Amino acid sequence: MAEVKVKVQPPDADPVEIENRIIELCHQFPHGITDQVIQNEMPHIEAQQRAVAINRLLSMGQLDLLRSNTGLLYRIKDSQNAGKMKGSDNQEKLVYQIIEDAGNKGIWSRDIRYKSNLPLTEINKILKNLESKKLIKAVKSVAASKKKVYMLYNLQPDRSVTGGAWYSDQDFESEFVEVLNQQCFKFLQSKAETARESKQNPVIQRNSSFASSHEVWKYICELGISKVELSMEDIETILNTLIYDGKVEMTIIAAKEGTVGSVDGHMKLYRAVNPILPPTGVVRAPCGLCPVFEDCHEGGEISPSNCIYMTEWLEF
């Protein structure tokens, strides 16, 4: 008589125990777990039981649903955000999580579509809903003025999005930058002049002509010419333009930890310099640097007689 094999069904696990175990796994792996991880940790649990437990945790707002290159990820939800997303469906939670992960640099709707794999019409609907709840906000990026990036409502946009102190309503403040450029150079020139008038030996004069970026920053702040708060990084950006113009040179010295203006035991020092050789006339004239010089000829669309650069130079 042939032996009859009887398949033994595993006993039904307590749904609460399954949910608690999934929560424990999420705490062990804060960056998220896949369904395969849950299956490996609980091999005796049927797929349907896992799905029921996961869906219940998602509906209660205890888990976040993410999408990665390897598939779906489940991550423990921040308790502060759990109340914000109460009553939202899984698709809305997924979009919110993608925007949250983007931080203060924001994310375009096209990238949200790619990461969520949702239709664009559905994404636009979700974005409007989240904006109406003041959970997210749309910010125009200086990198692409016609495109908006989305970020959490309470975040301050990154400098790469707003352009920092040099932009106002997505417009580059060229006059403001020029004023800062002039004032920074004026301060360094004054420092160099004071060093020359001291009648010390050349080495002491040279060392005395240097100023740290913190000194320049403090001088600009005391002038009160800026309506926005400038950082030392902003001032160093201006000083770098002076270096590129050949008006200023920079040196880096070692500094004690905690010294004002030092970073990682180093300090940047700047001083005004004079050009070694005066520029020749052809370089100073617009023709010497004109980008359309080869196309310029009398009777043509570009000609010396209607050159706007030459007119401006002569008036100057």
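Including glycine, each Cβ sits where the backbone N, Cα and C put it.
Feature annotations, reproduced from Swiss-Prot:
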type	residues	note
MOD_RES	Ala2	N-acetylalanine
CROSSLNK	Lys5	SUMO2 cross-link
CROSSLNK	Lys7	SUMO2 cross-link
BINDING	Cys287, Cys290, Cys296, Cys307	[4Fe-4S] cluster binding site
In three-state DSSP terms, the structure that Cys287 ([4Fe-4S] cluster binding site) belongs to: helix
Set of same-chain residues at least 6 away whose C-beta sits under 8 angstroms from Cys287 ([4Fe-4S] cluster binding site): Phe293, Cys296, Met310
Intrachain C-beta neighbours of Cys307 ([4Fe-4S] cluster binding site), sequence separation six or more, cut-off 8 angstroms: Pro286, Cys296
Spatial neighbours of Cys290 ([4Fe-4S] cluster binding site) that are distant in sequence (at least 6 apart) but have CB under 8 A: Cys296, Tyr309
DSSP three-state assignment for Cys296 ([4Fe-4S] cluster binding site): coil
8 Å Cβ shell about Cys287, Cys290, Cys296, Cys307 centroid, [4Fe-4S] cluster site members excluded: Pro286, Val292, Phe293, Ile302, Pro304, Tyr309, Met310
